[in-house]
Amino acid sequence: MREIFKAYKLLFGFGKKYCKLLLYKVFILAIIAGLLAPVGIYIDKEIINRALLSAKFNNFEIKSLIPLFIAFAIIALLKQFLSDLSYGYYSQKFQLVIRTKVRGELLEKASKIKYEYFEDEKTVEIIDRTFNDFDNSVRLLFPMYVVYFLTSSISLVGFIVFTAKQAWWVPLVLLLPFFPYLFLQYIKRYDFYNVIEKYWKKDRINDILAEYLKSRNYIREQRIFNSFNYLIDIYEQRIIKRNKEFEKEYKKYWKDNLIYNLIIDITIVINLLIQLYMLLTNNPNTSIGLFIALSGQILGLKGLYSGLIVPILSSVRQMRYINFYYKFYEFENTKSGSINIVPKEIEIEFSDVYFKYPGTDKYILNGVSFKIPKGKKISLVGANGEGKTTLIKLLLGLFEPTSGHILLNNILLDDYSEEARCNIFAPIFQDFYKYSLSLKENIAVGSIDNIDNYKMICEAAESAGVTQFLYKLPNSYDSQLNRDFTEGVDLSGGQWQRIALARAFMGNKPCILLDEPTSQLDPMAEAKLYEEFSNIIKDKTSIFITHRLASTKITDKIFVLKDGKIEEEGSHDELMTHMGIYYDMFNSQRSWYKEENIC
């Protein structure tokens, strides 16, 4: 219960911060809606009693009943109007606030948390469910459940006032099944919510497969390999199996619910009999009008109980999703130092660096030590899984070393602010992102502060060879890329890689990090591009990671990683003379470049 109050405190905090007037309107609306029920009982009673009295004395005057009929009509219309206003307009308006203001806060938090949270399955689930489930939970908790609960509570109080005048024990009979019903529903619904949570991961896996089946890129491959029917069959079988399992659980819940509803139905009958007893025994506070008015309310007792119980029980479930929000905000932010100065030249040093990924025992890096002088270019080579990309992630501050230190110009990497690090490094990864934006924006994301610097964008495009295909695009740098939009243009893998490379030239950053960014270029094109690169970035500290060794001849030094350690280091000629790991790797690729006399 404490957690539910904590959740509502959070939501009311959002309301006060972003839409205070809406918050007050919702509470006023709930109070008015709640008062309509007891006022309605009074008006119904008066209409019937006055009509019977007039009939008894044969002096029926419609004029005396007109105000009551008008009030009756107003209440009937108000009920529907307030319901539409609450569950329609206000609910959607508050959700819109959450989706804009609060989601903006979530995105800002996501941009600051440690990168390691995005590579761990458990924390990824927390992030995913915070963004996907939180705003819907908020919409239900407020204003829907708040209005539902307040309206029902006020209505019930009015109901109790009328019945208490008949006899002190009548309200007790009215409320008798409420608490046992609430307790039993709480236990069973809690179990049912656990079942729903159990199926969440299965549904997520099925949803991912469904995305494959309707994605343009996947459909193309499925048609080529004629695998569409097979994948559909897998999807259908998974859904059928999931539904059969879920149906068993739901049947249990449905049977229990049948019993609970039977309890309420029996209570309704008992209360109707009590009202009839009060009328037949000439209870001084029971008239025919009150009997009919209260009977109508008693028949709606199930809805009244639901208005009290559903918000409480459903809040228990929604609290699960709200808790994801709290857990998300418990994630640590990336450490950011106080040094904001961006050096014009960078010296990089790894000092006895060990690293293992969070939650694992295997060390990826085992005491790596090396130094890259200012303005020098080095190549990192080695087989898959030797820690090359991990080393770059550590340098970028995406992960922290398990032990050891990384220094930039003899200053600890952690002492630099996050903003400074972003302006020092220009990284390009193999799995770079292809934004559904214009060509200009796709290049400018390399230094977003220079998005309006058209000259810099053009120079970056020229340096990366983007201008080789620029003339083919319909609107030059303003051309929309990707087919997600009507005027979007598809590009080849090699063209996209040149765009990604252009990002590295944005902002004149002193250190270039290239993690296999040319894998989709053919070996000859890759070798020539690296030659061009060598001339363009001659004064920048640079790290090249590649399986194909075209880059190694243009770098000042080569480091060979094996088993998480620097196994060999030296220039191309030195390592070829050494005839070790590098020698074997290079000779196995020599034929790729021999025809053009590159090797």
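Quick reminder: no glycine exception, Cβ is built from N, Cα and C everywhere.
Here's what TrEMBL has on this protein:
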TRANSMEM  21-42  transmembrane segment
DOMAIN    26-293  domain 'ABC transmembrane type-1'
TRANSMEM  62-82  transmembrane segment
TRANSMEM  140-162  transmembrane segment
TRANSMEM  168-187  transmembrane segment
TRANSMEM  258-278  transmembrane segment
TRANSMEM  290-313  transmembrane segment
DOMAIN    348-588  domain 'ABC transporter'
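At the 8 Å Cβ threshold, with sequence separation of at least 6, the transmembrane segment (290-313) comes into contact with the transmembrane segment (140-162) through 3 or more pairs. A contact links the transmembrane segment (21-42) to the transmembrane segment (140-162), because at least 3 Cβ pairs that are 6 or more residues apart lie under 8 A. Same-chain residues lying 6+ beyond the ends of the transmembrane segment (62-82) with a Cβ under 8 Å from its Cβ atoms: 29, 32-33, 36, 39-40, 43-44, 46-47, 50-51, 54.
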